[in-house]
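Taken verbatim from Swiss-Prot:
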type	residues	note
DOMAIN	3-194	domain 'Flavodoxin-like'
BINDING	SER9, MET10, TYR11, GLY12, HIS13, ILE14, THR82, ARG83, PHE84, HIS138	FMN binding site
BINDING	TYR11	NAD(+) binding site
BINDING	TRP102	substrate binding site
Amino acid sequence: MKVLVVYYSMYGHIHRMAEAIVEGAKEVVGAEVVLRRVPETLSHDVLEKMGAVEAQRSMSHIPICTVDELAEADAVIFGSPTRFGNMCGQMRQFLDATGGLWVKGSLIGKVGSVFASSNTQHGGQESTILSFHTTLLHHGMVIVGLPYAFQGQMRNDEITGGSPYGASTVAGTQGERQPTENELAAARYQGKHVASIAYKLVMAR
(Lines of atoms letter the chains of each structure in order from A and count residues from 1; the text may use other names and numbers.)
(Lines give C-alpha, C1' and ligand atoms only; values in the text may rest on other atoms or scores of the structure.)
Protein backbone atom coordinates (compact mmCIF):
# COMPACT_ATOMS: atom_id res chain seq x y z
CA MET A 1 0.00 0.00 0.00
CA LYS A 2 1.56 3.24 -1.20
CA VAL A 3 1.01 6.74 0.18
CA LEU A 4 2.27 9.71 -1.82
CA VAL A 5 2.79 13.04 -0.06
CA VAL A 6 3.20 15.79 -2.64
CA TYR A 7 3.60 19.46 -1.76
CA TYR A 8 4.82 22.92 -2.64
CA SER A 9 6.63 25.01 -0.03
CA MET A 10 8.26 28.39 -0.56
CA TYR A 11 9.81 29.03 2.86
CA GLY A 12 9.72 25.55 4.39
CA HIS A 13 6.57 25.60 6.53
CA ILE A 14 4.65 23.16 4.34
CA HIS A 15 7.82 21.10 3.95
CA ARG A 16 7.99 20.62 7.73
CA MET A 17 4.30 19.71 7.84
CA ALA A 18 4.86 17.24 5.00
CA GLU A 19 7.62 15.57 6.98
CA ALA A 20 5.19 15.14 9.90
CA ILE A 21 2.54 13.74 7.55
CA VAL A 22 5.10 11.18 6.37
CA GLU A 23 5.97 10.27 9.96
CA GLY A 24 2.33 9.58 10.74
CA ALA A 25 1.67 7.56 7.59
CA LYS A 26 4.68 5.37 8.28
CA GLU A 27 3.08 4.26 11.55
CA VAL A 28 0.65 2.12 9.54
CA VAL A 29 2.02 -1.37 9.01
CA GLY A 30 2.68 -2.09 5.34
CA ALA A 31 2.64 1.55 4.26
CA GLU A 32 5.23 2.65 1.71
CA VAL A 33 5.38 6.43 2.02
CA VAL A 34 6.92 8.64 -0.67
CA LEU A 35 7.62 12.38 -0.36
CA ARG A 36 7.66 14.57 -3.48
CA ARG A 37 7.61 18.27 -4.47
CA VAL A 38 5.76 19.82 -7.39
CA PRO A 39 7.84 21.80 -9.92
CA GLU A 40 8.70 25.43 -9.22
CA THR A 41 7.23 27.95 -11.65
CA LEU A 42 9.03 31.07 -10.41
CA SER A 43 12.40 32.13 -11.77
CA HIS A 44 15.52 32.23 -9.61
CA ASP A 45 15.47 36.04 -9.77
CA VAL A 46 11.93 36.17 -8.40
CA LEU A 47 12.71 33.67 -5.65
CA GLU A 48 15.77 35.71 -4.74
CA LYS A 49 13.73 38.91 -4.44
CA MET A 50 11.26 37.05 -2.22
CA GLY A 51 14.05 35.77 0.02
CA ALA A 52 13.17 32.15 -0.74
CA VAL A 53 16.37 30.86 -2.36
CA GLU A 54 17.91 29.44 0.81
CA ALA A 55 14.71 27.64 1.79
CA GLN A 56 14.33 26.24 -1.72
CA ARG A 57 17.90 25.00 -1.62
CA SER A 58 17.26 23.20 1.67
CA MET A 59 14.44 21.24 0.03
CA SER A 60 16.27 20.45 -3.21
CA HIS A 61 16.95 16.86 -2.13
CA ILE A 62 13.24 16.05 -2.37
CA PRO A 63 12.50 14.64 -5.86
CA ILE A 64 10.10 16.41 -8.19
CA CYS A 65 6.78 14.61 -8.60
CA THR A 66 5.41 13.46 -11.94
CA VAL A 67 1.69 13.09 -12.60
CA ASP A 68 2.17 9.39 -13.27
CA GLU A 69 3.23 8.92 -9.66
CA LEU A 70 -0.28 9.89 -8.58
CA ALA A 71 -1.68 6.87 -10.41
CA GLU A 72 0.82 4.56 -8.71
CA ALA A 73 -0.32 5.55 -5.20
CA ASP A 74 -3.25 4.26 -3.17
CA ALA A 75 -3.50 7.57 -1.29
CA VAL A 76 -2.26 11.06 -2.14
CA ILE A 77 -1.86 13.77 0.49
CA PHE A 78 -1.40 17.24 -1.02
CA GLY A 79 0.17 20.21 0.75
CA SER A 80 0.04 23.86 -0.31
CA PRO A 81 0.47 27.35 1.14
CA THR A 82 -2.47 29.71 0.82
CA ARG A 83 -2.60 32.17 -2.04
CA PHE A 84 -5.57 34.50 -1.55
CA GLY A 85 -7.66 31.67 -0.12
CA ASN A 86 -6.70 29.18 -2.81
CA MET A 87 -3.95 26.66 -3.47
CA CYS A 88 -0.70 28.11 -4.83
CA GLY A 89 -0.12 28.44 -8.57
CA GLN A 90 2.60 25.79 -8.59
CA MET A 91 0.16 23.18 -7.28
CA ARG A 92 -2.62 24.37 -9.58
CA GLN A 93 -0.36 24.00 -12.59
CA PHE A 94 0.63 20.50 -11.48
CA LEU A 95 -2.99 19.43 -11.06
CA ASP A 96 -3.95 20.99 -14.38
CA ALA A 97 -1.55 18.53 -16.02
CA THR A 98 -3.52 15.51 -14.75
CA GLY A 99 -6.05 15.47 -17.60
CA GLY A 100 -4.60 12.24 -18.95
CA LEU A 101 -5.20 10.55 -15.61
CA TRP A 102 -8.79 11.81 -15.61
CA VAL A 103 -9.44 10.38 -19.08
CA LYS A 104 -8.23 6.96 -17.93
CA GLY A 105 -9.96 7.17 -14.54
CA SER A 106 -6.60 6.47 -12.95
CA LEU A 107 -7.39 8.11 -9.61
CA ILE A 108 -10.90 6.75 -9.08
CA GLY A 109 -11.24 5.20 -5.64
CA LYS A 110 -7.92 6.48 -4.35
CA VAL A 111 -7.81 8.42 -1.09
CA GLY A 112 -7.14 12.16 -1.38
CA SER A 113 -6.31 14.50 1.49
CA VAL A 114 -4.94 18.04 1.92
CA PHE A 115 -2.95 20.14 4.40
CA ALA A 116 -2.13 23.83 4.17
CA SER A 117 -0.53 26.95 5.65
CA SER A 118 -1.33 30.65 5.73
CA ASN A 119 0.34 33.79 7.06
CA THR A 120 -2.42 34.55 9.56
CA GLN A 121 -4.82 32.50 11.65
CA HIS A 122 -7.78 33.45 9.47
CA GLY A 123 -5.83 33.76 6.23
CA GLY A 124 -7.69 31.15 4.20
CA GLN A 125 -6.44 27.77 5.41
CA GLU A 126 -9.84 26.10 5.19
CA SER A 127 -10.75 27.58 1.80
CA THR A 128 -7.34 26.56 0.46
CA ILE A 129 -7.97 22.95 1.45
CA LEU A 130 -11.48 23.11 0.00
CA SER A 131 -10.08 24.50 -3.27
CA PHE A 132 -8.53 21.06 -3.83
CA HIS A 133 -11.73 19.12 -3.25
CA THR A 134 -13.40 20.00 -6.55
CA THR A 135 -10.43 18.64 -8.50
CA LEU A 136 -10.14 15.53 -6.32
CA LEU A 137 -13.85 14.79 -6.73
CA HIS A 138 -13.63 15.20 -10.50
CA HIS A 139 -10.94 12.52 -10.36
CA GLY A 140 -13.23 10.26 -8.32
CA MET A 141 -11.03 10.32 -5.24
CA VAL A 142 -12.26 9.55 -1.72
CA ILE A 143 -11.64 12.67 0.38
CA VAL A 144 -10.36 12.26 3.93
CA GLY A 145 -9.77 15.11 6.37
CA LEU A 146 -8.70 15.47 9.99
CA PRO A 147 -11.43 14.16 12.33
CA TYR A 148 -12.18 15.65 15.73
CA ALA A 149 -10.77 12.45 17.21
CA PHE A 150 -7.59 14.52 17.10
CA GLN A 151 -8.14 16.42 20.32
CA GLY A 152 -5.66 19.15 19.37
CA GLN A 153 -8.39 20.74 17.26
CA MET A 154 -10.27 21.60 20.45
CA ARG A 155 -7.46 23.66 21.96
CA ASN A 156 -8.08 27.34 22.60
CA ASP A 157 -5.05 28.11 24.72
CA GLU A 158 -2.84 28.96 21.75
CA ILE A 159 -3.03 30.10 18.15
CA THR A 160 -3.07 26.95 16.08
CA GLY A 161 -3.97 25.68 12.65
CA GLY A 162 -6.04 22.62 11.92
CA SER A 163 -9.69 21.96 11.07
CA PRO A 164 -11.87 18.99 10.07
CA TYR A 165 -10.75 19.68 6.51
CA GLY A 166 -7.08 19.02 7.26
CA ALA A 167 -3.99 19.94 9.22
CA SER A 168 -2.60 23.44 8.76
CA THR A 169 -0.09 25.87 10.22
CA VAL A 170 0.10 29.62 10.77
CA ALA A 171 3.37 30.88 9.27
CA GLY A 172 3.29 34.52 10.41
CA THR A 173 3.21 37.62 8.22
CA GLN A 174 6.97 37.42 7.66
CA GLY A 175 7.19 33.63 7.75
CA GLU A 176 8.78 33.90 11.19
CA ARG A 177 6.53 31.34 12.90
CA GLN A 178 7.38 27.65 12.52
CA PRO A 179 4.81 24.84 12.89
CA THR A 180 4.02 24.22 16.55
CA GLU A 181 4.01 20.79 18.18
CA ASN A 182 0.20 20.81 18.11
CA GLU A 183 0.18 21.55 14.37
CA LEU A 184 2.79 18.86 13.72
CA ALA A 185 0.79 16.41 15.84
CA ALA A 186 -2.23 17.18 13.65
CA ALA A 187 -0.18 16.45 10.55
CA ARG A 188 1.07 13.17 11.99
CA TYR A 189 -2.47 12.19 12.93
CA GLN A 190 -3.75 13.01 9.45
CA GLY A 191 -0.97 11.02 7.80
CA LYS A 192 -1.75 7.97 9.92
CA HIS A 193 -5.51 8.40 9.46
CA VAL A 194 -5.23 8.60 5.67
CA ALA A 195 -2.87 5.63 5.47
CA SER A 196 -5.17 3.56 7.70
CA ILE A 197 -8.19 4.23 5.49
CA ALA A 198 -6.20 3.56 2.32
CA TYR A 199 -5.03 0.25 3.80
CA LYS A 200 -8.62 -0.81 4.53
CA LEU A 201 -9.71 0.08 1.00
CA VAL A 202 -6.82 -1.83 -0.54
CA MET A 203 -7.55 -4.90 1.59
CA ALA A 204 -11.23 -4.77 0.58
CA ARG A 205 -10.50 -5.04 -3.13
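Just so you know, glycine gets a Cβ as well, placed from its N, Cα and C.
The model shown is predicted, which means the values in this text are computed figures rather than measured ones.
For TRP102 (substrate binding site) paired with HIS13 (FMN binding site), the C-alpha to C-alpha distance reads 30 Å. Non-local neighbourhood of PHE84 (FMN binding site): GLY124, each in the same chain, at least six residues away, with C-beta under 8 Å from its C-beta. Annotation for HIS13 (FMN binding site): spatial neighbours PRO81, SER117, THR169, ALA171, GLY175, GLN178, PRO179, criterion Cβ-Cβ under 8 Å with sequence separation of six or more. The average pLDDT computed for the domain 'Flavodoxin-like' (3-194) is 96. Secondary structure from DSSP puts TRP102 (substrate binding site) in a helix.
Residue density at TYR11 (FMN binding site): 22 other Cβ atoms are found within 10 A of its Cβ, drawing on all protein chains shown. Spatially close to THR82 (FMN binding site) yet at least six residues away along the chain are CYS88, ALA116, SER117, SER118, ASN119, GLY123, GLY124, GLN125, SER127, THR128, judged by Cβ distances under 8 angstroms.
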